[in-house]
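According to Swiss-Prot, the protein has these features:
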DOMAIN    35-117  domain 'S1 motif'
BINDING   Cys397, Cys400  Zn(2+) binding site
REGION    458-529  region 'Disordered'
REGION    626-674  region 'Disordered'
COMPBIAS  663-674  compositional bias 'Basic residues'
MOTIF     665-673  motif 'C4 Arg-rich motif, probably responsible for interaction with PNPase'
Amino acid sequence: MPKQIVIAEKHQVAAVFWKDQIQELVVSTGSQQVGDIYLGLVDNILPSIDAAFINIGDTEKNGFIHVSDLGPVRLRRTAGSISELLSPQQRVLVQVMKEPTGNKGPRLTGNISMPGRYMVLMPYGRGVNLSRRINREEERSRLRALAVLIKPPGMGLLVRTEAEDVPEDAIIEDLENLQKQWELVQQQAMTRSAPMLLDRDDDFIKRVLRDMYSSEVNRIVVDTPAGMKRIKQQLMNWDQGRLPEGVLIDCHRESLSILEYFRVNATIREALKPRVDLPSGGYIIIEPTEALTVIDVNSGSFTHSANSRETVLWTNYEAATEIARQLKLRNIGGVIIIDFIDMDSHKDQLQLLEHFNRCLETDKARPQIAQLTELGLVELTRKRQGQNLYELFGQPCPECGGLGHLVELPGEKGFVSLSPTAVNSSIPPRLVEKPILSPPVAKVNDLPKKEEAKISSPLDLLFHPNYQEQGDRDSNRRRRRRRGSEFSEKENIKSVGISRSKGPSPSPTKEKVTGTAPPRRERPSRRVEKTLVPVDVAMTTLEQDIYARMGISPLIKTEYADQDPRSFMVSVVTAGAALEGNTNGSGSLVNAVITTVDNGDNGDNVPSDGLTIVSEVTAPTPVIEQPREETVEPEQVVLPQLDDETPAAPVAEESAPIETKKRPGRRRRRSSAE
């Protein structure tokens, strides 16, 4: 089948066409290429893996060499560990056998090989080998006998497929050129300083013709007139000064570039996509990974066969042909797993494998089919030859970092990448941090008051929650905390010594500097100021103690119809105190506070049985201290021992309903004055 070669020398890209389809691509990367010979220095030795890193002049990546690839170094000495064969800063002659991929440097070998048109010279090799593609036994015998006669002593030879039916003089001339090239490399290795590049096939046209030209080629197109002359000269050198018959050599002169005119760029774009459509309507998916390449075959919209068996077999046949082409076009190497459509017939499976094997015969990378697994997967391996298409023309996505997808996490707006090397251009709005122009101003209320908040103010009977805000316990808790914070605020300012004139001080408890978290807004106060009606209630000391223990409001002794404690300001006085006044001579009545403690909001020093506590907080008088002495031992308070001045009837009347209101599960609480 005729072939044609299109060479774009300006872009260092060449394509091989067969049946109007691109079968192979040749790309010159300009960096370390397969076949380059370097004089390197041993940089690091790793005895644990029997390998070493060789400095070949690349500032970013060193070359990797295994102990099995040392070649002449291993042959000269007794076999041992790599630390016995190599030493740091030792000069070694190495050749690139695998180009760098990703974060890995080039794979090196000490077994140097010099490829020619018909022969491959192996200076450190042994014996004579022939290409497997030479099928005729007579030709194999002729070439083997010739190679044995002309082989240099101490070296090895490999006869290439192109040497078939070639005269002996051309083969001998090719071998002489290889020997001269090797002698030049040895001279440079003795005189040059390491690390240094000693030999590279810089002539791109010569390299393409050497690897791709065969007797099946009938046309060669190049983009420059100078390139056309060099092609003719090279072909004449290989054919004893004559141009091969039936080969047309052209120079591209169209307005479009040679890559666009022959649809080379379009083919590269399609080859970089994972999906490949088949002529019958099916398609295949090619997914390269770090460990291997996975290929999946799907029938798609193909429904033209009479039964499902023919549909599956026909789709698998088309997929096998296209997969063999894609392996060469994309230069996929390593382990390859193919998931063909399941076939129940064992005969169909064998036919598919035979057809697939015939399609792979034209591949120079020598793919080998390993087996057909029980799950219907075809395993094969293909020799790596340089970089694949993804490494040559692709790079990791800056958005996803090469993962192939972005993620949107719960509670976040926008998609982000999971790769730390990705540069996210669309960062979620909530993650964008605004610059802070000035440090946050600390408020006095933000000062630490963990310890000071435990200090309670003196009890005041007039503002006791049980009297003033009975039934509104939620707001009562907030109000008590607010009063406690105001009290602790003064204590903090005195103890810490913070002055407002010295500038703001950040608070570690209230405000936190985060990305774009809005400042916390204070909840507006819902307190409504009410005008309280002053009420004077005459009570003895014992009555005050009993009312406080039972949680009874002194308003019961008044004649007001509305006895809501939140509407009155109660003043409790002892018998005759209204006439005499208090002991400090101010003329004001004795103030008292009744504190109600809820079971769910206990302090550190307050019992948890929900009793009411009475305490007086004005200037110390005999009237105020009397209940404190009696409450120390509450068991001594007995109703029959009341004084004559205390009316017994009201106490009995008040105590009777109190006993009826007691519940079985209620416990009595000691006074806070104790």
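The backbone N, Cα and C atoms fix where each Cβ goes, glycine too.
Per-residue pLDDT, averaged along the motif 'C4 Arg-rich motif, probably responsible for interaction with PNPase' (665-673), amounts to 52 for this model. Assigned with DSSP, the residues of the domain 'S1 motif' (35-117) fall into helix, strand and coil as follows: 15 helix, 34 strand, 34 coil. In the three-state DSSP scheme, Cys400 (Zn(2+) binding site) is classed as coil.
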